[in-house]
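If you look up TrEMBL, you'll see 177-228, 229-316, 317-370 marked as repeat 'RCC1'.
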Amino acid sequence: MAEERPGAWFGFGFCGFGQELGSGRGRQVHSPSPLRAGVDICRVSASWSYTAFVTRGGRLELSGSASGAAGRCKDAWASEGLLAVLRAGPGPEALLQVWAAESALRGEPLWAQNVVPEAEGEDDPAGEAQAGRLPLLPCARAYVSPRAPFYRPLAPELRARQLELGAEHALLLDAAGQVFSWGGGRHGQLGHGTLEAELEPRLLEALQGLVMAEVAAGGWHSVCVSETGDIYIWGWNESGQLALPTRNLAEDGETVAREELNEDGSQVKRTGGAEDGAPAPFIAVQPFPALLDLPMGSDAVKASCGSRHTAVVTRTGELYTWGWGKYGQLGHEDTTSLDRPRRVEYFVDKQLQVKAVTCGPWNTYVYAVEKGKS
């Protein structure tokens, strides 16, 4: 039997700074397009104006407003303020380097420190591509912040497994599958039922008793996926990124008549235009986790968030996207925004199984393989 062909990375959405996004030209790509070096890439981290690619051979390449390359790289994390690079050391230690984005990989880094991983063997044994593990450091006891101090220690009892940073907040998944959040909360992105900030990691009580497998932080919204494939989502819904009804996408566009709160604390606004003549509700802020069902009852396994869009991979290898679509970052061959999940048909039509997704603020990168022949 022939060996399964290696997978490849695809990109779509905003590329106004010339960042690698497949074969697209101009400022945007509306449909998934293969990256030129997609077969060799194993990690992708995208910021607004540039993208960092790490190859299987340990080469880091930057594309967009920041450019350059470096070797002996294990991981990279891109943000507008800085680039964090994890490089292989001479022994078990790794070297963490933090660069200003505009001078990345040139001259001396802003800051550097040796880090010792708790355990090796975190990569998939088959070498399957994944989104980057940074900003959580290999020791799982600290993370990289885009603002000084760049090295932020975590309480040992948190036992972090994954950490994701939004524009103003952080999400942490611990070894037991519990979710913690902290930072700014003015859009409900922390999930504690209020709009208050939290200075320290706080357990999401609404999800207690549920084992989570993955978390994702958008600009001002949050997503987590349970081990059983359920999706929970909360925060700002300005562009439909929570897959809840939003005023901005309402067809009638009438002004707000009144505001109220649901029993679960979500902020509901009402506009005219419902079929029965009553004001039609839409949700601006969802401060508690809400259970989201994908079409056809599909189970989710991975999620990623852009500034105001969301992408989810299902157990069967399909990709669903929704939210803000102005630059084609939803991959539906247009610039429409959506407040409901929609399958990206490109991968279905090409007989490709999606394995991973990682969103930049205004674009999306996807890793997919050919579906196995029975």
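Using N, Cα and C of the backbone, Cβ positions are placed for all residues, glycine too.
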For the repeat 'RCC1' (317-370), residues assigned helix / strand / coil by DSSP: 5 helix, 27 strand, 22 coil
Counts by DSSP class (helix H/G/I, strand E/B, coil) across the repeat 'RCC1' (177-228): 3 helix, 23 strand, 26 coil
